[in-house]
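Copied from Swiss-Prot, the annotated features are:
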- R17: site 'Transition state stabilizer' (SITE)
- Y22: active site, proton acceptor (ACT_SITE)
- N73, H79, D86, L100, S101, R110: substrate binding site (BINDING)
- H99: active site, proton donor (ACT_SITE)
Amino acid sequence: MHVLLLNGPNLNLLGQREPGIYGCDTLATIETELTREAKADGVELVCFQSNFEGALIERIHQAMGESQGILINAGAYTHSSIAIRDALTGVAIPYVELHLSNTHAREPFRHQSYLAGRAVGVVSGFGAKSYSLALSGLVHHLRQGG
């Protein structure tokens, strides 16, 4: 099973940017740990991060025929990108939206997600553990025939 992990804008700054909200783990640390967890579960995880909407969309398109599932932390694009939603809808690959922080406990503009309505599920608010929980949920969904 092949799963694509997508991380959006500013997530390359994890560990430095607002640690009180996002925690102290770097993106590299999160990706390394999640890759280890995935491998132990028989899943090949490919990680991609970009601060650019078009690059994320291109990577979603490339996942067609290669990935059975997508994990996506679109960062601020969650609340603004119809284009990313359309790309995810267009490739028809099951995906889980995830966030480090509980977006519903933050500013009102973060309460809306353009991605959640088409997602298999949403995980938020558990810090770096959100990635592991999202992977577990997606793999379970895919193995159940989703």
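For all residues, glycine too, the Cβ spot is worked out from N, Cα and C.
Considering other CB atoms within 10 Å as the measure, the emptiest surroundings among the binding-site residues N73, S101 are those of S101. Sorted by the number of other CB atoms within 10 A, the recorded positions R17, H79, H99 start with R17, the lowest. Counting in whole angstrom, H99 (active site, proton donor) lies 6 from N73 (substrate binding site) by their C-alpha atoms. DSSP assigns L100 (substrate binding site) to coil in the three-state reduction, outside any helix or strand. Between the CA atoms of S101 (substrate binding site) and R17 (site 'Transition state stabilizer') there is a gap of 13 Å.
Take the CB of D86 (substrate binding site) and look out to 10 A: across all protein chains shown you find 14 other CB atoms.
Reduced to three states, the DSSP call for N73 (substrate binding site) is strand. Cβ neighbour count for L100 (substrate binding site): 23 (other Cβ atoms within 10 Å of its Cβ, all protein chains included). DSSP gives R17 (site 'Transition state stabilizer') a coil state; it is part of no helix or strand.
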